[in-house]
Structures are given as structure tokens and as C-alpha cells.
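Some features that Swiss-Prot has for this protein:
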type	residues	note
ACT_SITE	Glu210	active site, proton donor
BINDING	Ser40	Mg(2+) 1 binding site
CROSSLNK	Lys202	SUMO2 cross-link
MOD_RES	Ser2	N-acetylserine
MOD_RES	Lys5	N6-acetyllysine
MOD_RES	Lys60	N6-acetyllysine
MOD_RES	Lys64	N6-acetyllysine
MOD_RES	Lys71	N6-acetyllysine
MOD_RES	Lys233	N6-acetyllysine
MOD_RES	Ser254	phosphoserine
MOD_RES	Lys281	N6-(2-hydroxyisobutyryl)lysine
MOD_RES	Lys285	N6-acetyllysine
MOD_RES	Lys335	N6-acetyllysine
MOD_RES	Lys406	N6-acetyllysine
MOD_RES	Lys420	N6-acetyllysine
REGION	97-237	region 'Required for repression of c-myc promoter activity'
REGION	405-434	region 'Required for interaction with PLG'
Amino acid sequence: MSILKIHAREIFDSRGNPTVEVDLFTSKGLFRAAVPSGASTGIYEALELRDNDKTRYMGKGVSKAVEHINKTIAPALVSKKLNVTEQEKIDKLMIEMDGTENKSKFGANAILGVSLAVCKAGAVEKGVPLYRHIADLAGNSEVILPVPAFNVINGGSHAGNKLAMQEFMILPVGAANFREAMRIGAEVYHNLKNVIKEKYGKDATNVGDEGGFAPNILENKEGLELLKTAIGKAGYTDKVVIGMDVAASEFFRSGKYDLDFKSPDDPSRYISPDQLADLYKSFIKDYPVVSIEDPFDQDDWGAWQKFTASAGIQVVGDDLTVTNPKRIAKAVNEKSCNCLLLKVNQIGSVTESLQACKLAQANGWGVMVSHRSGETEDTFIADLVVGLCTGQIKTGAPCRSERLAKYNQLLRIEEELGSKAKFAGRNFRNPLAK
């Protein structure tokens with residue numbers, strides 16, 4: 001069934017900033033998709049087109065991206081009468097029309113909005129759930145429910161505290177199914193709230209952009225200690241492990257790292273990549289840390305390689321790889337990390353996201369699907385993670401509706417699959433392993 005009409009508009013993300021929403025119409029109905037937006041963005045990401053008109057939304061309007069859809073992309077796609085199930089053809093057409101390496105003409109936010117809506121329409125056209133359509137597009141015969149990685153303590157660019165490292169996550173790998181993983185996550189979260197309240201006072205339990213707590217602590221180890229305590233109080237020491245997103249590019253300073261980067265600058269306190277690696281190794285030794293994302297700057301390739309070779313845990317590339325097949329190929333070649341963070345808006349189309357995922361999986365990497373800090377109520381990534389069988393997703397704490405929207409969709413998918421539902425559990429790094 002071909003596209004009858006496409007209409008884009010400006011809506012608001014979870015931070016009150018404008019973002020792109022796309023309505024796509026076929027004879028089967030209306031299909032709507034909204035595009036997320038990141039705060040700590042890698043310099044190699046596809047371009048998110050903003051208006052830069054300082055008199056409107058502090059320059060963050062997306063009316064240009066919306067106009068590119070309504071005036072250029074929509075007429076082209078409608079006139080070509082392509083079937084909505086032809087995801088790759090439609091994505092390629094938009095990418096060719098844009099003609100730039102990083103989608104800077106139309107904006108990745110314009111192309112992605114249409115791409116997501118096409119994917120949703122394609123599923124209905126085929127009469128299958130969205131996760132099944134995505135599995136088909138990726139060539140997967142089975143589907144898998146992921147382990148959720150709940151970001152329960154926020155620091156870095158996501159929070160107004162002193163904490164340098166951006167996310168401290170809990171992964172309920174010992175759960176029997178996704179529903180139990182949600183219950184464990186929620187119970188640990190509420191225990192953590194009480195632990196923080198007792199130690200730092202009630203105002204320390206205000207939440208950050210992704211629903212995690214942002215107590216005013218400086219020591220990253222204290223974040224891990226709080227998690228360990230909360231996991232123990234909830235009674236899940238044997239079922240929950242810890243993940244971190246350091247987002248080290250945010251505090252990389254001329255070859256070194258500043259773990260107090262939110263204070264006035266003082267080069268005497270900077271530490272070397274080796275010192276930072278030793279700090280991570282002490283965390284791994286003292287706490288159940290099984291995954292560290294962006295431990296070093298996006299161009300500090302040597303430090304990545306050295307750490308991945310010796311750490312013995314999952315090392316996730318986000319700013320390093322930016323869901324870009326060229327960066328992933330380089331990281332595979334240099335053995336820089338062993339897991340890809342998959343963010344659809346870093347690359348800007350469904351087809352390229354699938355290619356990035358397949359490339360990582362083909363090289364023995366894990367893949368973690370991810371939200372952005374500026375989110376919407378759109379639940380596409382919940383179906384994406386199931387269809388791609390990546391086994392792990394991070395989409396915030398069990399708090400704030402734009403985060404829960406994804407987790408709740410995963411609950412529905414598990415329920416729909418019934419006895420056929422398979423949960424990644426402790427195999428979250430390689431859930432397809434037989």
C-alpha cells in the first residue's frame with residue numbers, strides 16, 4: 001500500500017524542547033512517529049537540524065526540518081507510490097535526496113521521523129506486530145525480550161550535581177522474564193529513593209532528565225555504593241548487576257580526564273587514561289559492574305583498545321561509534337569495544353540502524369538499544385529491541401512517562417507472545433547464542 005499523505009509538525013520532547021513528529025497516512029490509517037534528541041551528543045552523529053533562530057525556543061526550533069518534510073520529502077514519497085513495506089527503498093530515496101554524508105540538508109530528525117512512520121505503516125500493511133516486521137527486515141526468525149538497564153542515578157551532563165559520570169544503571173539479569181525484571185527494577189528504585197533520602201535529605205530525591213536520582217555527590221564510587229545498598233535492601237543481590245555510562249568525552253581535557261569538571265577548571269587534578277582505567281578496574285573488583293559505556297573520549301582509540309583487552313566486561317561504544325557503520329567498522333578492526341549502543345537518531349534512518357546492528361552482531365559484539373535524554377511518548381525502540389534480538393535496552397529509570405512508555409510496551413509485547421516469549425536474562429550480551 002502506498003503513502004497517501006505525510007504531514008510533519010513541531011511537538012515537545014520531555015525537556016520542553018521542540019522536536020519533529022510525523023503523521024503518515026495510507027489506506028489502512030494514520031501512523032505517527034516522534035523523534036528523540038540527546039543532550040550529550042557525539043561529534044560524529046548525523047546532524048539534528050535546529051533552526052538556530054534565537055528569538056524562538058532559544059534557537060532550538062525544528063520548523064526547518066518540519067518544512068523539509070512537508071515541502072520536499074512528502075511530495076517525493078507520495079508521487080513515487082512506493083509500498084510502505086519497502087523500508088530500505090524509501091530510506092535510500094530520502095538519503096539520496098539529502099545527498100550529504102551526515103544528513104545536514106534535511107536533518108537526521110526529518111529523515112528519521114518519516115522512516116519510523118514508514119516502518120509502523122509497513123507492519124500494519126503486512127498485518128504483523130511492529131517487532132515482527134522489524135525482525136523480518138533484519139532477517140531474524142525469532143524475537144527476544146531484553147534485559148532493561150535502568151538508569152537510576154544521574155550525573156554528568158544530565159544532572160545539576162557534581163557527579164562526573166553520567167549514568168549508574170541496574171540490570172535485573174536474574175529475573176525469570178521481563179515482567180519480573182520490571183518489578184525488581186521498580187523495587188530497587190524505591191529502595192534507592194529511601195537510602196538517598198536517609199543519607200542526603202528529601203531534596204536529594206529529585207529526579208534528572210531520565211528519571212534517575214541526582215544526589216549532590218562528587219565521588220563516583222559513592223554512586224556505586226548507593227546502588228549496592230539499595231539492591232541489598234530490596235533483597236536482589238543475586239539477581240541484579242550494575243552498568244555505567246561514563247560519557248567521558250564530556251570531561252576529556254587535552255589528553256586527560258577531569259573528574260570534577262563541573263567545578264572551576266584546575267588542570268592539576270586531571271588524570272591520565274591509565275589512571276582512569278585503573279579506577280574502572282577498582283569499580284569492577286569492588287562492585288558487580290558488568291558493563292561500562294564510553295569509558296574514554298570518542299577519539300582516544302588507544303585507551304579504548306587497552307581497556308577492552310584487559311577489563312573482562314562489556315565495553316559499550318556510544319560517542320565512539322555513534323551507530324555509524326564506518327565508525328563501527330573501525331572499532332571492530334581496532335578491537336576498541338565489544339558492544340554497540342544503538343540510537344536510531346544518531347544515524348537517522350531505520351535501515352541504517354538495522355545495518356549498524358547487524359554489523360556489530362556479525363562481529364561478535366553485543367548491542368544495547370537506547371533512548372535519548374530528550375524523549376517523547378513514542379515507543380518504537382521497544383519493538384526495535386525485541387525484533388533485533390539485542391537482549392538489552394536502556395530507556396531510563398522506572399519513572400517519568402516518556403521512559404515508562406517503552407517499558408510498558410515491552411510488557412505488552414511479552415504478554416502477547418505468551419508462552420513463546422523468550423527473555424534474554426544472563427545471556428543479555430549474546431541472547432541468540434544456542
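Cβ coordinates come from backbone N, Cα and C, glycine included.
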Ser2 (N-acetylserine) and Lys420 (N6-acetyllysine), distance between Cα atoms, whole Å: 33
Inter-residue Cα distance where the pair is Lys335 (N6-acetyllysine) and Lys406 (N6-acetyllysine), in Å: 32
Whole-number mean of pLDDT values that fall within the region 'Required for interaction with PLG' (405-434): 96
Candidate nearest Lys5 (N6-acetyllysine) in space, where candidates are the recorded positions Glu210, Lys233, Lys285 and distance is Cα-Cα: Glu210
Integer Cα-Cα distance in angstrom, Lys281 (N6-(2-hydroxyisobutyryl)lysine) to Lys60 (N6-acetyllysine): 40
Residue from Ser2, Lys233, Ser254, Lys335 whose C-alpha is spatially nearest that of Lys60 (N6-acetyllysine), among the modified residues: Ser254
Tally of DSSP helical, extended and coil residues in the region 'Required for interaction with PLG' (405-434): 19 helix, 1 strand, 10 coil
Residues in the region 'Required for repression of c-myc promoter activity' (97-237) grouped by DSSP into helix, strand and remaining coil: 75 helix, 15 strand, 51 coil
Sparsest-packed of the listed recorded positions (Lys64, Lys202, Lys335, Lys406) - C-beta count within 10 angstroms: Lys202
Distance, Ser254 (phosphoserine) to Lys202 (SUMO2 cross-link) (CA atoms, angstrom): 38
Lys335 (N6-acetyllysine): secondary structure state under DSSP, collapsed to three categories: coil
Lys281 (N6-(2-hydroxyisobutyryl)lysine) CB neighbourhood, other CB atoms within 10 A: 16
In three-state DSSP terms, the structure that Lys71 (N6-acetyllysine) belongs to: helix
